[in-house]
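Here's the structure, in structure tokens; my notes come after.
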Amino acid sequence: MHTSISEILKEKSLKPSRRSLPCLAQSQTHPINLNHFLSVPLSPDPKPDVEDLSQSISTSCSLLPPQTTEDVKDTYVEETEVSTNETRADPTFLLQKPISRAKLGTRTDSLQEKNRSDSSGLFFRDGKKRIDYILVYKKSSPQVEKRCTFEKNLRAEGLMLEKEPSMTNNDIMFVKIHAPWDTLCKYAEQMNIRMPFRRIYYLSSYLFLVVCQQIKGWLPKNPMKLDKEALPDLEETDCYTAPFSRARMHHFTINNRETFFSNSTRSRIVHHVLQRTKYEDGKSKMGINRLLGNNTYEAAFPPHEGGYKSRHPIKTHGAQNHRHLLYERWARWGIWYKYQPLDLIRRYFGEKIGLYFAWLGWYTGMLIPAALVGVFVFLYGLFTMDSSQVSKEICEANSTIMCPMCEETCEPWTLSDSCVYAKVTRLFDNGGTVFFAIFMAIWATVFLEFWKRRRAELTYDWDLIDWEEEEEELRPQFEAKYSRLERVNPISGKPEPFQPFSDKLSRLLVSVSGIFFMISLVLTAVFAVVVFRLIAMEKFASFNWNFVKKNWQFATSGTGVCINFMIIMSLNVVYEKVAYLLTNLEHPRTESEWENSFALKMFLFQFVNLNSSTFYIAFFLGRFAGRPGKYNKLFNRWRLEECHPSGCLIDLCLQMGVIMFFKQIWNNFMELGYPLLQNWWSRRKMKKGGGGGGQNVENKSQLPQWDKDWNLQPMNAHGLVDEYLEMVLQFGFTTIFVAAFPLAPLLALLNNIIEIRLDAYKFVTQWRRPMPARATDIGIWHGILEGIGVLAVITNAFVIAITSDYIPRFVYAFKYGPCVDKGHHHADECLRGYMNSSLSVFDMWDLKNSSKDRYCRYRDYRAPPWSSAPYEFTLQFWHVLAARLAFIIVFEHLVFGIKSFIAYLIPDMPKDLCDRMRREKYLMQEMMYEAELEHLQKERKKNGKRYHHEWP
């Protein structure tokens, strides 16, 4: 399955390379406290023979488990590694700079002091071997045989292990893993990892860069940018990358083999080995994930690079490590207005997490113009609230009697009682609503198109252009389930497990059935909320307290949306477990397929759960209420709810505002508050001895790094699904019903500014370091965002046409208002008499009502009772309906046309980026030829052969 230690090195052809942003591992500007350690060149030693290497591997675990549980608890064998197991690099591959003997002595002393101070946290006991991964298990676990076999096989793969007991719990044991140089090189070649190639300098380019730097120095600094002094470890160097090859190691820039592979790359290589190492005989008995599932190990994680706080200020003493640098320049609240250090995030957490924060930052920045336009529309409604003709007519209608809201205990009420309701409606239902809806539809397209360009730049800078061509690894669960069925992979040409079509189809049908069942559960919950609103409407309309009775609309909508919010948050917990179960039932082939399937289910569940009640209020509330004397009733008991005379848009606005506000608060608490409480409780137990007989550690700084990381919270099992899901649902709220709530982009902007720092603080301080993973895009979420953009155009067209009163006012002004026969069309003048035109008349004496007022008004376009066809729809009703349908068609075609045209104008990849890629491909081929020529000439000169005027 794996390449053995004695396997003959095979030369691989290099693919066309790309430029890596900085040669990160080779940068000479490390944080101040790390300079001495990272810049010491190690003296090369000859590489040991294969036989000596195999003899140096030591195992201290017995394959036979102890006889009793007490023996297991009391058994602890300290494992050490023979120093000869540490391999050496060929001295010809190290590009060392000449340094003075005095400097070398100083740096060596500093290195030794650094090793002594860090050996308890980041290194083995010898202070030299860096810890690349941590495994945690309980000594009381009965899975001793599996664990010992697994660790024995890890050593056979070339990894070095060392065990340490926990200082806070005697039952916890840590297994520290170190990957030697040869092991890193072997798996870097197998995994096709791209590493820095030799640099190339051009005098013209150098002079151009110097001139540009001088010009930039004269310009005022952007306060949002992090200066180079804040991030000294990210200075760029002109460097290209190529797939690593041991046979052509002389092509790569290896100044120091300890830093050639970054910490995240080392952890990724070790994780690759952990995923493919067996713990029992059989094809499916492999992988750390299965060992975590059967409680052989409690946890597996790469260690943090030390603490995130320092006693000394970073400006004078520099950063202790990259975690400290991330905390000071990213996770602190005081720099909320600064750009994110995406390159440092990518280096520490991996490209996948780096792309998430890049997308989140891009989305937050694009929300700024949307929020400004939304605030402008809101202020327009605020300034015209009192001068609106519709609001004036409602507030002055003291003699207009409205029909009772219920048929038994309610009494008629005057239209002027809802004056406040009408003014508030004006804030969101005004002339700027249509413009803002069109603007947000175009904004969504521009956001996604420019994100494609930004993603292309990041994948180029982060050297991910060719990564998507690599074959993804199978999930261990998939291999275990279908290990008996194999077929040849058309890409790799190797046999691998496969899932029969019939099995896949049956599992997919079960999964789809589960999805529809959960969606039906959501609709049932919405129906229950609708019943509550009907009951609450009657109770509040006949309430004894006059304040509640007068504002029954606000009371009904407010209580309904609060109960709906509690139901939404309760069902989300159930949906997550169901989605996890259904996704595992499908047995996806790879991790990306599992993540995409789980993400799609979670989005469908939560999107329907979050927006179903909003769709009801927007498109069904008040549409089927009937009329006085012939109201439609639910179960022949509760009268259906009807809209306010000024429209239903304020109900929709209230629903969106309350849910969006409280959901963001709840999400922020669960993201940061809950981990803080859990970590506080862990520290409290740790001070008391942990309940496991451990030492009573008063000072947390006394703990080694692996103990500190173990007491942090692990990153959730779903990876970044929850983070993306929260933002995508917010994007839906911001775009789908934005015509009803123009302040949604502003709330989203404020939340995202907090969200970035919350997530940064959580990743740096509250979570264990996740395994650095690679990705070229945001996955299935991009398709979901495009789908939301299309849905937003349709829903906003229906909201403006059906939910708001924009179309009825438009029809009245141009067909029935006082400006029909006049040449000018002033908005307020043309709407005079609109409210009286939109209210129909009902004869209460037809119901044998003993009220002193015979006639009351209700919202509809129906004939009066004294006409030849009483209570039938008038011609104005059909004119309004036709105008609504026409507006929907015109709006959708217009906006979709503009969106398509903008998407066509904006290419997915900038032209200068395409030119740079072609240019650097050409330069890379030239550099490879020159490097090979130089190497062969040195070899011939070394052997005493002629090389002048001779083809190498």
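Please read every residue number as a count from 1 along the shown chain.
Every residue, even glycine, has its Cβ placed from backbone N, Cα and C.
Curation plays no part in TrEMBL annotations; they are all automatic predictions.
According to TrEMBL, the domain 'Anoctamin dimerisation' annotation covers 123-342.
Residues annotated as domain 'Anoctamin transmembrane' in TrEMBL: 345-920.
Per TrEMBL, the feature transmembrane segment maps to 356-383 (among others). Residues 339-340, 342, 345, 426-433, 435-436, 439-440, 443, 446-447, 450-451, 454-455, 458, 720, 723-724, 727, 731, 734, 738, 742-746, 748-749, 752-753, 755-756, 759-760, 778 of the same chain lie 6+ residues outside the transmembrane segment (356-383) yet bring a C-beta within less than 8 angstroms of a C-beta in it.
Long-range neighbours of the transmembrane segment (433-451) within the same chain, counting only residues 6 or more positions beyond its ends whose Cβ lies under 8 Å from a Cβ of the stretch, are 359, 362-363, 366, 369-370, 373-374, 377, 734-735, 738-739, 742, 745, 782, 785-786, 788-789, 792-793, 796-797, 799-800, 804, 806, 891, 894-895, 898-899, 902-903, 906, 908. Per TrEMBL, the feature transmembrane segment maps to 433-451 (among others).
Same-chain residues lying 6 or more positions outside the transmembrane segment (508-532) and placing a CB less than 8 Å from one of its CB atoms are 559-560, 563-564, 567, 571, 574-575, 578, 581-583, 585-586, 601, 604-605, 608-609, 612-613, 616, 634, 638, 641. According to TrEMBL, the feature transmembrane segment maps to 508-532 (among others).
Packing against the transmembrane segment (552-575) from elsewhere in the chain are residues 405, 418, 421, 518, 521-522, 525-526, 528-529, 532-533, 536-537, 540-541, 543, 602, 605-606, 609-610, 613, 641, 644, 650-651, 654-655, 658-659, 662-663, 666: each is 6 or more residues past its ends and has a CB under 8 Å from a CB in it. Annotation comment: TrEMBL describes 552-575 (among others) as transmembrane segment.
Feature annotation from TrEMBL assigns transmembrane segment to 603-626 (among others). If one looks beyond the transmembrane segment (603-626) by at least 6 residues along the same chain, the residues whose Cβ comes under 8 Å of a Cβ in the stretch are 515, 518-519, 522-523, 525-526, 529-530, 561, 564, 568, 571-572, 575, 578-579, 632, 639-643, 648, 651-652, 655-656, 659, 663, 725, 728-729, 732-733, 736-737, 740, 784, 795, 798-799, 802-803, 859.
According to TrEMBL, the feature transmembrane segment maps to 728-750 (among others).
Summarising the annotation, TrEMBL assigns transmembrane segment to 778-802 (among others).
Per TrEMBL, transmembrane segment is recorded for 881-906 (among others).
If you average pLDDT over the domain 'Anoctamin dimerisation' (123-342) in this model, you get 81.
Packing against the transmembrane segment (778-802) from elsewhere in the chain are residues 355-356, 359, 433-434, 437, 440-441, 444-445, 448, 451, 455, 592, 595-596, 599-600, 603, 618-619, 623, 649, 652, 724, 728, 731-732, 735-740, 884-885, 887-888, 891-892, 895-896, 899: each is 6 or more residues past its ends and has a CB under 8 Å from a CB in it.
Within its own chain, the transmembrane segment (881-906) has Cβ neighbours under 8 Å at 434, 437-438, 441-442, 444-446, 449-450, 452-453, 789, 793-794, 796-798, 800-802, 807, 810-811, counting only residues six or more beyond its boundaries.
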